[in-house]
Every structure is written in structure tokens, then in C-alpha cells.
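S.K.: One structure is given below, represented as C-alpha cells, and several questions about it will come after.
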């Protein structure tokens with residue numbers, strides 16, 4: 001199908017948003033005087049803003065478009081995963097956050113060196129950086145491809161607008177600029193979802209009652225067969241287990257989210273961040289699924305409005321461009337840009353934090369704060385350009401399958417990283433060598449399962465995590481622990497309540 005005419009007012013709305021985001025980066029640039037400012041915001045971020053940032057960071061543009069498409073073509077079962085993510089937050093708060101705050105970390109992978117050794121720290125940090133460079137490329141690439149059929153902006157220009165502007169405002173504003181732009185972007189995403197749903201309901205004969213009635217009649221909420229157990233399909237029990245471990249990885253072992261725990265002034269503000277994120281996750285995704293149901297009702301009543309052989313994966317941007325009022329459509333497309341930029345900017349700053357803390361400080365002798373700030377900004381540019389170049393290559397060569405395979409392989413590192421933190425915090429007798437054996441066993445097992453079985457991919461993270469913990473526990477007596485009992489107490493869950501109480505005081 002031919003691209004829709006985007007229109008002058010839509011362009012004005014889109015570029016007004018992009019200009020506002022740039023202004024935020026410029027504003028916060030003057031506060032970036034040290035590495036602590038650039039990576040931790042000097043502890044100046046209020047808890048509610050950090051929570052908004054976590055929400056925006058974990059919601060990419062692909063999610064923003066794919067959830068309505070999923071509800072349109074299938075059902076609401078994936079909504080279960082959002083509430084599983086909320087369920088793990090008490091675990092994160094009581095057993096993980098006090099360690100990250102008490103140890104005054106810049107990179108979360110510093111914990112792995114203190115608990116085990118430098119090998120585990122480098123494994124975690126390098127895996128994270130490689131994965132997120134790939135993630136930048138994939139998010140930018142898929143956003144460009146998704147929008148290309150519907151607006152008269154070339155995919156290369158979309159990549160440029162998303163990637164280069166992210167580099168600039170992240171370079172200037174550091175984590176503080178990233179978080180406050182995340183707040184803007186999170187608000188835009190939420191308002192956009194609600195606005196689209198309301199507009200569609202007004203255009204459906206019978207309104208909101210008919211929207212939900214039609215979905216109910218078509219059994220598009222939680223079909224009975226989705227409650228059965230399956231080793232190969234993404235049924236509700238599988239989703240609950242898979243999302244539990246996936247969320248645990250994101251909230252305990254991923255620098256881009258964990259970094260939000262240390263930008264607040266105290267642990268009570270960090271608690272507010274988790275509560276704010278939980279409230280947003282509990283409410284906003286429902287509207288994304290509801291948009292899918294509304295689109296189903298609208299196009300069931302108006303099937304002639306869909307082009308022949310239409311790819312329903314792009315149902316949301318198609319409706320926005322073809323049916324939303326001029327100007328409003330531009331703001332909605334800006335929200336899709338916002339969803340991608342919030343993920344990318346967080347990746348850029350967290351990559352810079354990991355490289356500076358985990359690698360540069362290891363090879364440089366006592367670098368000054370100014371030197372670390374300079375390296376952090378340099379890595380922001382380098383990581384961003386690598387992502388943009390990779391995304392451009394994918395668009396020009398149309399070799400997405402190769403890159404997807406590479407990104408999928410790096411994604412297998414998530415389970416081992418989650419397992420390492422779990423092993424360190426909950427298994428006192430674990431040591432560096434048993435942790436290494438656990439990681440090797442985890443990667444080998446997941447690669448074998450992936451290639452030799454039809455097991456659902458949601459089980460990969462489960463297997464990867466548990467293999468590290470089980471092998472790390474069983475092999476620990478074979479090796480001497482290089483930490484004494486007091487050091488293990490300091491780095492394990494045994495003193496969790498005392499540490500939390502002390503920090504509050």
C-alpha cells in the first residue's frame with residue numbers, strides 16, 4: 001500500500017515534540033559537572049519521576065504498537081505478564097535494592113565482583129552492553145519499518161530522527177535529562193493510548209459497550225484453552241512463569257532499570273519509584289489492549305476501510321494516520337517516537353555507565369571525575385552511532401534475520417545474569433568458581449534446549465536462571481571461598497533488614 005500523506009500540521013506536531021525533547025537535554029546539560037551527576041543525577045531525582053522513567057524505559061515503540069495488534073488478532077492473555085511484573089516488586093525492594101544502595105554502585109555489575117570476582121563482573125557488563133547496542137538497532141529498525149507504509153518519511157530519516165536526537169539529548173543531559181524526558185514520554189504514551197481508545201469508541205456504532213461486547217462474543221479476552229498447561233505454546237501458566245523470570249531479570253540484573261534505584265536521595269524515594277511504576281503498569285497497558293479490542297470492533301463494522309491483504313501488525317499506525325484528526329495524528333506518531341526514544345536513551349546512558357565503571361576505571365589509574373564524565377559522554381556517542389549504523393545496515397540490506405539471530409543469542413545471557421545475582425544474594429556458600437561453572441552450564445543448557453527441542457522460548461530464562469543457582473550451589477564445596485564470613489554477611493540477604501533500617505535512620 002502507498003504511504004499516507006502526513007500533512008503539514010502533523011509534521012508541526014511531530015517536530016514540536018522533537019524540539020521539546022532537545023530543549024530538555026540542553027536544560028539539564030548545565031548540571032552535568034561530574035560523573036556522579038551524569039550517571040546518578042547526584043541523587044536529585046524524586047521517586048515518582050524515577051518510577052515514570054522505569055515504566056517508559058521498559059515500554060518500547062514495538063510494544064506500543066504490538067500490544068493493540070495482539071489484542072486485535074488474538075486475545076488479552078499477554079496482559080497477565082504485566083501483573084506478574086508487579087508481583088515481583090516486593091522481592092526487588094526487600095532483597096535487592098538495599099544492596100545496590102548500600103554499596104553505592106554506579107554499575108550494578110560491581111556487585112558481582114565484590115561477591116564473586118572480576119570475571120563475573122565483566123561477563124555481566126559486556127553481555128549487557130552488547131545486548132543493548134543490538135537493542136538500539138532493533139528498536140530503531142523495527143520502528144522505522146512499522147511506520148514506513150503509513151507516513152511519507154523515509155525509513156532512513158526515521159532512524160536519523162530517533163537515533164541522532166537520542167544521542168544528542170543523552171550526551172547533553174546525562175541520566176537526569178534521560179529521566180525527565182522519560183517522564184514526558186511516559187505521559188505521552190499514556191495519554192495517546194487513552195485518546196486513541198476514546199476516539200475509536202466514538203466511531204463504533206454502539207460505543208464502548210459494543211466494543212467490549214463484540215470482543216466478548218468473539219472470545220478475545222481470556223479463552224478457556226489459554227488456561228491449560230503447554231510446553232510449547234504461550235498459555236497463561238507459561239506466561240506467568242516466563243514473565244516472572246523475565247521481569248526478575250529486568251528489575252534485578254539490567255543496568256538500565258537498576259540505575260533508577262540509585263538516582264533518588266534515599267531508599268524511601270526508591271520505594272516511591274517502584275510504587276509509581278506499579279501503578280502505571282497496573283493501569284496503562286489495559287488501555288493498549290482495549291485499543292486492540294476497539295480496533296477489532298471498528299474494522300469488523302467497517303471492513304471496507306482495510307486494504308486487501310493488510311498486515312495487521314501495523315493496524316495501530318494505519319488507524320492513526322487514516323482516521324485520527326490532523327494534528328492529533330502527528331502527536332500520536334510523536335508518541336510512537338517517544339516510546340522508542342525512551343528505551344534507546346536509557347540504553348545509551350546505561351552502556352556509558354557500565355563501560356566507564358566496569359572497564360575504564362579498571363584500566364585507568366585513579367581517573368578523575370571529569371575524566372570519567374568525558375569517557376561517559378564519548379561512549380554515549382559511540383554506542384548510539386553503532387546502533388544507528390547497524391539499524392541503517394539492516395534497512396539497506398534487508399538482512400534482519402541475521403541480526404535477529406545475533407540479538408536472540410545475546411538475549412540468552414539474561415538468564416545467567418539473573419541467576420548470578422540470585423546466587424550471590426541468597427546462597428551464602430556460593431563462590432567465584434562455582435558461579436563460573438553455573439554460568440557455563442546455564443549457557444550450554446539453554447543453547448541445547450533452543451536447538452534440540454520445541455520448548456517455548458519463555459522457558460529459556462527460567463532454565464538459564466535456575467541452572468546458575470543449582471550448579472553454583474552444588475559445586476560450591478569444591479572450591480575455597482575468597483570471602484570471609486563477615487564479607488559474605490555484608491553481601492548476602494542475611495543482613496538485609498539491618499541494612500534497610502540503618503539507611504532509613
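The backbone N, Cα and C atoms fix where each Cβ goes, glycine too.
OK, Swiss-Prot features for this one:
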type: BINDING; residues: 56, 59, 339, 342, 343; note: Na(+) 1 binding site
type: BINDING; residues: 58, 60, 63, 82, 135; note: N-acetyl-alpha-neuraminate binding site
type: BINDING; residues: 182, 342, 345, 346; note: Na(+) 2 binding site
type: TRANSMEM; residues: 9-29; note: transmembrane segment
type: TRANSMEM; residues: 45-65; note: transmembrane segment
type: TRANSMEM; residues: 128-148; note: transmembrane segment
type: TRANSMEM; residues: 155-175; note: transmembrane segment
type: TRANSMEM; residues: 183-203; note: transmembrane segment
type: TRANSMEM; residues: 227-247; note: transmembrane segment
type: TRANSMEM; residues: 280-300; note: transmembrane segment
type: TRANSMEM; residues: 318-338; note: transmembrane segment
type: TRANSMEM; residues: 378-398; note: transmembrane segment
type: TRANSMEM; residues: 406-426; note: transmembrane segment
type: TRANSMEM; residues: 435-455; note: transmembrane segment
type: TRANSMEM; residues: 457-477; note: transmembrane segment
S.K.: List which of the binding-site residues 58, 60, 63, 182 have their Cα within 10 Å of the Cα of residue 342 (Na(+) 1 binding site), in sequence order.
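M.R.: The binding-site residues passing the 10 Å Cα test are 58, 60, 182.
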S.K.: Hey, how far is residue 59 (Na(+) 1 binding site) from residue 345 (Na(+) 2 binding site), Cα to Cα, in Å?
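M.R.: Distance between the two Cα atoms comes out at 12 Å.
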S.K.: Are there residues at least 6 beyond the ends of the transmembrane segment (280-300) whose Cβ is under 8 Å from a Cβ of it, and what are they?
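M.R.: Counting only partners 6 or more residues beyond its ends, the transmembrane segment (280-300) has Cβ contacts under 8 Å with 51-52, 55, 63-64, 67-72, 76, 79, 82-83, 85-86, 186, 189-190, 193-194, 196-197, 200-201, 203-204, 210-212, 214-215, 218, 220, 306, 315-316, 319.
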S.K.: Name the one residue among 182, 339, 343, 345, 346 whose Cα is closest in three-dimensional space to that of residue 58 (N-acetyl-alpha-neuraminate binding site); these are the binding-site residues.
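M.R.: Closest by Cα distance to residue 58 (N-acetyl-alpha-neuraminate binding site) among the binding-site residues 182, 339, 343, 345, 346: 343.
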S.K.: Between residue 182 (Na(+) 2 binding site) and residue 56 (Na(+) 1 binding site), what C-alpha distance do you get in Å?
M.R.: 6
S.K.: Quick one: which of these binding-site residues, 60, 63, 135, have their CA within 10 A of residue 339 (Na(+) 1 binding site)?
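M.R.: Near residue 339 (Na(+) 1 binding site) by Cα: 60, 63.
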S.K.: For the transmembrane segment (9-29), I need the partner stretch with the highest count of C-beta pairs below 8 angstroms, choosing only from 155-175, 183-203, 318-338, 435-455.
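M.R.: Most contacts with the transmembrane segment (9-29): 318-338.
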S.K.: Nearest to residue 82 (N-acetyl-alpha-neuraminate binding site) by Cα distance: which of the binding-site residues 343, 345, 346 is it?
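M.R.: For residue 82 (N-acetyl-alpha-neuraminate binding site), the closest Cα among 343, 345, 346 is found at 343.
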S.K.: Cβ under 8 Å to the transmembrane segment (378-398), counting only same-chain residues 6 or more beyond its ends: which ones?
M.R.: 129, 132-134, 136-138, 140-141, 144-145, 155-156, 159-160, 163-164, 166-167, 170-171, 344, 347-349, 351-352, 355-356
S.K.: Please identify, from the binding-site residues 135, 343, the residue with the sparsest Cβ neighbourhood, meaning fewest other Cβ atoms within 10 angstroms.
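M.R.: So among 135, 343, the binding-site residues given, the one with the fewest Cβ atoms within 10 Å is 135.
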S.K.: Counting other Cβ atoms within 10 Å of each residue's Cβ, which of the binding-site residues 56, 339 comes out lowest?
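M.R.: Candidates: the binding-site residues 56, 339. Fewest Cβ atoms within 10 Å: 339.
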S.K.: I'd like to know which of these binding-site residues, 63, 342, 345, is least surrounded, judged by other CB atoms within 10 A.
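M.R.: With the binding-site residues 63, 342, 345, fewest surrounding Cβ atoms within 10 Å: 63.
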S.K.: So which residues does the transmembrane segment (435-455) touch in its own chain, when a touch means Cβ under 8 Å and the partner is 6 or more beyond its ends?
M.R.: 116, 119-120, 123, 231-232, 412-413, 415-416, 419-420, 423-424, 463-465, 467-472, 475
S.K.: According to DSSP, which kind of secondary structure is residue 339 (Na(+) 1 binding site) found in, if we only use helix, strand and coil?
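M.R.: DSSP assigns residue 339 (Na(+) 1 binding site) to helix.
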S.K.: Can you tell me how far the Cα of residue 63 (N-acetyl-alpha-neuraminate binding site) sits from the Cα of residue 343 (Na(+) 1 binding site), in Å?
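M.R.: Per the Cα atoms, residue 63 (N-acetyl-alpha-neuraminate binding site) and residue 343 (Na(+) 1 binding site) stand 11 Å apart.
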S.K.: I need to check the long-range neighbours of the transmembrane segment (128-148): which residues 6 or more away from its ends have a CB within less than 8 Å of a CB in the stretch?
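M.R.: Cβ under 8 Å, 6 or more out: 3, 60-62, 65, 109, 154-156, 158-159, 162-163, 254-256, 313-314, 317, 333, 336-337, 340, 343-344, 347-348, 350-351, 354-355, 383-384, 386-388, 390-391, 394-395, 400, 403-404, 406-407, 410-411, 413-414, 417.
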